[in-house]
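Student: Feature table excerpt (TrEMBL):
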TRANSMEM  31-51  transmembrane segment
TRANSMEM  57-76  transmembrane segment
TRANSMEM  97-118  transmembrane segment
TRANSMEM  124-141  transmembrane segment
TRANSMEM  153-171  transmembrane segment
Amino acid sequence: CGYGLFKSNISCLLGELYDENDHRRDGGFSLLYAAGNIGSIAAPIACGLAAQWYGWHVGFALAGGGMFIGLLIFLSGHRHFQSTRSMDKKALTSVKFALPVWSWLVVMLCLAPVFFTLLLENDWSGYLLAIVCLIAAQIIARMMIKFPEHRRALWQIVLLMFVGTLFWVLAQQGGSTISLFIDRFVNRQAFN
């Protein structure tokens, strides 16, 4: 669901819970969109007021807490995906990693502050990004060599990743570049 590892698609996951002709399907999607609309109205107001009254750190902490609660709710409902109509649980669990799943979480929690610190250092962030891109390119190249029958699909994935990244880079300019352009170059006085 979604595309690549960039953006998951909750609508796909919700659709997997119901058969095509299930009468509860419409109600499930209505509830999803109603909850999304309520959250999109309530969250900016609550976080904005918290930031205004108590400081930005509280506003961001409230936003992070809300996302964490959403993650817990999502994970608590994971049991409903055990027997969905088209997800292949056997295929999803057939991949074995060198370490148990919980140990990867510990590794990521330990590495996250290191990467965050490196990203804050302007001198290191460019190098870190280049290293990550080179590692990703090497992994994809090895997969193309190891699985020649999937080479075309891998190229399609790379193209979709590039297009998806480019789209979101441009889409996220609304809060920064476009606002700065309007502030600096657009006359916002109506009858002057």
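Glycine is no exception: its Cβ is also placed from the backbone N, Cα and C atoms.
Looking at the shown structure, can you explain where the listed features end up?
Tutor: Tertiary neighbourhood of the transmembrane segment (31-51): same-chain residues 10-11, 14, 58-60, 62-63, 66, selected by CB-CB distance under 8 Å and a gap of 6+ residues from either end.
If you look at the transmembrane segment (57-76), the same-chain residues 6 or more away from its ends with a CB under 8 A from one of its CBs are 43, 46-48, 50-51.
Panel annotation: around the transmembrane segment (97-118), residues 124-125, 128 of the same chain, lying at least six beyond its termini, place a Cβ under 8 Å from a Cβ of the stretch.
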